[in-house]
Amino acid sequence: YCQLLHFSTHPVFCSNPSEMDALCPSPPGPSRPQRNYERMGGQTGTSFCQTLIHLLKGNIGTGLLGLPLAVKNAGLVVGPVSLLLMGIIAVHCMRLLVKCSHHLSTKMNRPSLSYGEAVQYGMENVLWLRRHSNWGKRTVNLFLIITQLGFCCVYFVFLSDNVKQVVEAANATTFSCQMNYTNQTEVLVPSFSSRLYMLCFLPAMILLVLIPNLKYLAPLSLVANLVMTASLVLIYFYSLTHITNPANLPKVGRVKDYPLFFGTAIFAFEGIGVVLPLENKMQRPQSFSLVLYLGMGIVTFLYISLGTIGYMCFGEHIGGSITLNLPNCWTYQAVKLLYCFGIFITFALQFYVPAEILIPPVVARVSVRWERAVDLLLRTVLVIFTCALAILIPELDLVISLVGSVSSSFLALIFPPILQNLTFHTEGVSPLVTIKNVVISLVGLIGFLTGTYIAIVEIIARNTLKHNETFSYVVQ
């Protein structure tokens, strides 16, 4: 699989954050300057364009589709401005991670480092943390697992909501895409609960993750990337051509809704885990800074534009995913199904990271004859676990915000500034840099605390409301 990541010309193989971190640990070898020299003279490694595509794919997913609701929670003016500021901070933290990795890999005489290894070696720079440095890597891996399994939960909810909508409106779907300024797909033939749709997807998800090698998914993954790109183009086209007068939309959202904005936004921006693997696999790593700034500039533009345009198009009726607001016509119902296909295939890629972190240590403890059976059993249990979590919280917008607040805050905002202080502890860090790092980490910590709290409160409130409505219906 490491060879697949090294020589692949398709973006699909490296699409999930930290995939190469988990699957291709850094071996001991020549220092970074030697490694750069060898790559400049050889043919291995990814090119500038390939790395740019990988970076874009690693940052664009279901989080993008939830940003119009995030802008609603923050306000028409505050939302885009906040996305811009968050994008700048996220890119700065990515740059910090690369800078610290360079310094530590040279110091440790390693060709490259993963995110977890960088934190581990950074802690070794501080005398009183040295004996606990292994916990740095374990902590990063823990948040990677939480993030990736959280993505899988979001995929279950996304698939169930969108397919449920298409099925319920199938009998009345037409070729006319008329605007009625509400949730466009009207429920015409009510079907069963979205939770049952998740259970319907469960067997297919289990079979998908039992595929022994991701290279067998390569053709489907390439198709999935193409159809998701085409779907995004159609979503942009519809939103741009149906923008309403934004004068009545609030410019500033409610304070209590802002943490939900933070969780959704940081969920979308959480592509920091893909940064080191991509930089490590470049043929010319010295060009990575340009890739990072160009790629994240494109990503930030997409986030701000779709978030703002989507909110201006659908206003207060915007759903947890903008696909849920597309009109009840065959063109846009096909968009939903095509995007669902892409998300279905991507599930296997996102699942690969936690599987490769959690399963090998367990398999190593059993006899050879049981290794395959235990591996398949654990994969099945993990998928069932993610499905169960999705069933417990079948609210797409709140699941995205909760996952972003809980895990993405640490990986994208809290850990990188701390790592810079640890890495250059012996060299000395200026007071201004220290203050800057403390401020960024505090922003991430406050976002984590408030976003998690508000998301949990909203989840409880919605489930209570649904329970009361169901009880009232039964009584009547």
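Placed from the backbone N, Cα and C atoms, the Cβ positions cover glycine too.
These features come from TrEMBL:
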DOMAIN    45-456  domain 'Amino acid transporter transmembrane'
TRANSMEM  74-98  transmembrane segment
TRANSMEM  140-158  transmembrane segment
TRANSMEM  192-210  transmembrane segment
TRANSMEM  217-238  transmembrane segment
TRANSMEM  258-278  transmembrane segment
TRANSMEM  290-314  transmembrane segment
TRANSMEM  334-355  transmembrane segment
TRANSMEM  376-393  transmembrane segment
TRANSMEM  399-419  transmembrane segment
TRANSMEM  439-461  transmembrane segment
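Ranked by the number of CB pairs under 8 Å to the transmembrane segment (258-278), the listed stretches 74-98, 290-314, 334-355, 439-461 are led by 74-98. Counting C-beta pairs under 8 angstroms (sequence separation of 6 or more), the transmembrane segment (376-393) fails to reach the transmembrane segment (74-98), with fewer than 3 such pairs. Of the candidate ranges 74-98, 140-158, 192-210, 290-314, 334-355, 334-355 contributes the most Cβ pairs within a distance under 8 Å of the transmembrane segment (217-238). By the Cβ criterion (under 8 Å, sequence separation of 6 or more), the transmembrane segment (290-314) is in contact with the transmembrane segment (74-98), since 3+ such pairs are found.
Comparison of 74-98, 140-158, 334-355 by number of C-beta pairs under 8 angstroms to the transmembrane segment (192-210) places 334-355 first.
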